[in-house]
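Copied from TrEMBL, the annotated features are:
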- 35-83: domain 'Ubiquitin-like' (DOMAIN)
- 301-341: domain 'UBA' (DOMAIN)
- 373-413: domain 'UBA' (DOMAIN)
- 428-471: region 'Disordered' (REGION)
- 437-451: compositional bias 'Low complexity' (COMPBIAS)
- 452-464: compositional bias 'Polar residues' (COMPBIAS)
- 483-519: region 'Disordered' (REGION)
- 491-515: compositional bias 'Acidic residues' (COMPBIAS)
């Protein structure tokens, strides 16, 4: 009876077995609890971290199998048993296939980054230098109040737009937990920012936000090897925030009507500063930064009751939570913020509709010889002094938006006559269907002929004249149009001359397009970039800090353990 009771105890006790071969040594195992896969994994780890499936175990002249999963005792092993371990050669075919797949994935990733850069560059180029719009939207810079921002040269404006577009794409990757991909795009955004005049961008907080996002990706990827670089980037971020937000965010609070929209930014910044200090051995600095980050984190914990109050007013949960976090849980201030945001959205929709109408009108006038769109501001200036809109647009188009040359053409009776005849000829050719094979720019230019005949009658343009100095100019147009009408009748008597002029006009337009062909577009990538631009000025500050809160607790615990 005593023997029967001792038997289970002996089975559960640790026994020593000897392993020789790929790894040699002794192991203490529970023969009744350990399985063959467990023994294989332990031998693989001790053999240098090789894959367990490369370890072959032999005992008593037979190979130990994993299936069915049996204990070592059931496999016949006893105390002081001797097991031979051999290292199998890796599957060469699988290794080659894995390497090829990795190389293909890397090449595809690199090609995508190149496409991303080229698409961003092309979009910003078209929407900065006045190129002809291929789409029905425009890229503008706005401040936090929604006002349009214009600063620096055309190259500076293009670089800033490009950097912000790439930064927004990287933020999308971060939200999808694709931090490695985000790092590559953030590096491109940083390069685009470097192309801009530093004195211009030091007044905005986009660059320090970029530095902060880069270090956040380091942290999420647990890339401790970049700690030194991370510390430098965080210093740049803090100094950049102080320049743009003011000391203790005083300027930012003033612009935001006393709100704390930037609180989440500083939670992340101070967390990362504490993490870098901890890994560099500066525990005092680490505790100081982490404690400050924790205090700000607690301020961002919104009570459910406050959210319920705003939701009962008809606001969404996410919008209510965001407003409460940015106003310190003040209900009235949150309502004011939500009302301001709603008004901004309504105003933005109206502005977008007006912009789309203007772009569609702009497309009707066609491209200049250098593939630029007709400058609508200069067109409005010519219309304001009494010139017919379509005629003025054509004068700007053929003169590459040079307002002085367009004005000289419009005030020259002979040139004005030729221009009107050209527009009318294109309209007739389009109505006959002979221009079906023409390019899009010529077709768009031909549509500008509608309503030209109405300009032949005298027009009272005094309502459009800003002062008396332009009155003489406004009276020239009806006289010129009268001469043009007479000349058109004379030319129509000679159909051969008319056809020759049409052919010459068509050949001239074809020559202009052949000399300056539009660049090839990556439409798919351009649309992907454009659709991710939210236009929400507070989106950068609306950060879910739940991950930051967990990290703060984790590192404070590490500091307590070290103490």
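Backbone N, Cα and C atoms are what each Cβ position is placed from, and that goes for glycine too.
Taken through DSSP, the domain 'UBA' (373-413) splits into 29 helix, 1 strand, 11 coil.
Across the domain 'UBA' (373-413), mean pLDDT in this model comes to 84.
Shown for the domain 'UBA' (301-341): DSSP residue counts in helix, strand and coil, namely 31 helix, 0 strand, 10 coil.
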